[in-house]
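Participant: The feature transmembrane segment is assigned by Swiss-Prot to 3-23, 36-56, 82-102, 134-154, 164-184, 214-234, with sequence analysis given as support.
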Amino acid sequence: MSVYLAEFLGTMLLIILGDGVVANVVLKKSKGHNSGWIVITTGWGLAVAMSVYLVGRISGAHINPAVTIGLAFIGQFPWSKVPGYIFSQILGAFVGAILVYLTYLPHWKETDDPDAKLAVFCTGPAVRKYGANLLTEIIGTMVLLMGVLGIGANKLADGLNPLLVGFLVWSIGLSLGGPTGYAINPARDFGPRLAHAILPIPGKRDSDWSYSWVPIIGPIIGGILGASLYNWLF
């Protein structure tokens, strides 16, 4: 299998399971309605773990442009493959979001809150302060990259590494996710946000493009900083 196809499939699965758990919690008349933040963060952690198990042996399961760019920045990934990886990740996230939309098709009309519908697809700040929101995404992604590199260096637990990465993302969500919803992944936010803009979702609001740069720029900066700091320290 092509590494680019693997990144597409891995990111698609990430969004099916990740955006899917958000849909289950926030859309009305779903079985998981109002089950809360811990369910969402747990679902996202498991989504990451399952995606890494699926394609990790093929492409490394970056499933995140911030990871791809961070690794390239410290010389652990060729820059020539960066554009293809990022395109595959964004496309996978876009398709994954469409599949979530189709899965919950009857529930969009049942849900009155347009913000809840948007939240299924992409992140938004609890308090809109762009500087603080950007800093939150930088810190969260910095922790992600340092953790991923640290887990990857543990050669005694290769079979457990995807699960440990899932626990890492779960922990980031529980601890650092409150201010922005912890995108920590430009593809995870941009691809589904684009799907939200295009899909015929009844009663939807705008796709909040004025905020969309934060979960793109913040994770990229954080990924570079986290990878560089880990590389310097260890």
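Quick reminder: no glycine exception, Cβ is built from N, Cα and C everywhere.
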Participant: Quickly jot the same-chain residues contacting the transmembrane segment (214-234) by Cβ under 8 Å, restricted to those at least six beyond its ends, or write none.
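Facilitator: Contacts with the transmembrane segment (214-234): 64-67, 69-71, 73-74, 76, 122-123, 125, 130, 133-146, 149-150, 153, 180, 183-186, 188-190.
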Participant: Please work out which recorded stretch in 3-23, 82-102, 134-154, 164-184 has the most C-beta pairs separated by under 8 angstroms from the transmembrane segment (36-56)?
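Facilitator: Stretch with the highest Cβ contact count: 3-23.
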Participant: What stretch of 3-23, 134-154, 164-184 shows the most Cβ pairs under 8 Å to the transmembrane segment (82-102)?
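Facilitator: It is 3-23, which has the most Cβ pairs under 8 Å.
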Participant: Residues sitting near the transmembrane segment (3-23): Cβ under 8 Å, six or more positions beyond its termini, same chain?
Facilitator: 30, 32, 39-40, 42-44, 46-48, 50-52, 54-56, 58-64, 81, 84-85, 87-93, 95-97, 99-100, 103-104, 107, 119-121, 187-188, 191-192
